[in-house]
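Enquirer: Found this in TrEMBL, in case it helps:
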- 12-36: transmembrane segment (TRANSMEM)
- 48-65: transmembrane segment (TRANSMEM)
- 71-94: transmembrane segment (TRANSMEM)
- 106-126: transmembrane segment (TRANSMEM)
- 132-153: transmembrane segment (TRANSMEM)
- 165-187: transmembrane segment (TRANSMEM)
- 193-214: transmembrane segment (TRANSMEM)
Amino acid sequence: MGVFSADNPWVFISGLLGNISSFVVFLAPLPTFIRICKKKSTEGFQSIPYVVSLFSAMLWIYYAFVKSGAFLLITINSFGCVVETIYIAIYIAYASKQSKISTLRMLILLDGVVFFSILLLIQFLTKGSNRVEFLGWICVVFATSVFAAPLSIMRQVIITKSVEFMPFHLSLMLTFSAIAWLLYGIFLKDLHIAIPNVLGLVFGLLQMVLYAIYRNYKTVVVEEVKLPEHTIDVGAVTTSEVEEISSSEPEIHDDDHQMIGMSCKLQNQYHDHDQREPKILELPNSNQMLGTCQA
């Protein structure tokens, strides 16, 4: 399996550019995990995109070993496996008990049972060129389904009319990554690599169009919103579900309601007797009263 293609050097060039862009995208969630380590809490972030991204990287590595001449798929996805494993380990270390259990279950099921089932199925039920075709279409189906993930980010941008949650540099890098891997698939004459990245290119361009439309709108502040984190799948992006943490509201007890009613009644009676010189009545624990009075 050669690194360079003597017949077409553009295979190596496009693959190298794909490695560089994917390297940057793999490191995009790093600030999130630095924050998790500092606060020692996952703060509502989801582990799904990292588990899925690890599974995707494992699939593409296996595909590259089965197919000849796709060494550059092995390099970037090997790096991806290491990075995603670190992300998942950090998440499990600081997640709640329930999140730890659900993450471990998903990790065992998807990256363990499902992956090795595919491996055994390919090894024992397919041969020669049929093995490459069958495995390649499995990768296409999975990668294409992953590309639906950016829709949640674009929906958030349209609803809030703010690009705060969709940084331009990340959208640009994702688009560039999709272009690089699309060209790599074309030059390598491999539709299994090219097809998913056509969709990746379309979504990348749509994100940049949305950025151009909403970049001048005022930022909409949404308190404690956990937004999708980006991961990579040979130009694909996966995102977690949008998690909103509702702010806590102060409780109003029955005693407070009674005091508020008494205060309003006394103030109204006082204003009826002397509207020219209104005075403020001091009631016990008035700093605990919640609400307003309407005369």
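Glycine is no exception: its Cβ is also placed from the backbone N, Cα and C atoms.
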Enquirer: Looking at 48-65, 165-187, 193-214, which one has the highest count of Cβ pairs under 8 angstroms to the transmembrane segment (71-94)?
Expert: 48-65
Enquirer: Looking only at residues six or more beyond either end of the transmembrane segment (193-214), which have a C-beta under 8 A from one in the stretch?
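Expert: Sequence-distant neighbours of the transmembrane segment (193-214): 70, 73, 139-140, 143-144, 146-147, 150-151, 153-154, 157-158, 161-163, 166, 168, 171-172, 174-175, 177-179, 181-182, 184-186, 233-237.
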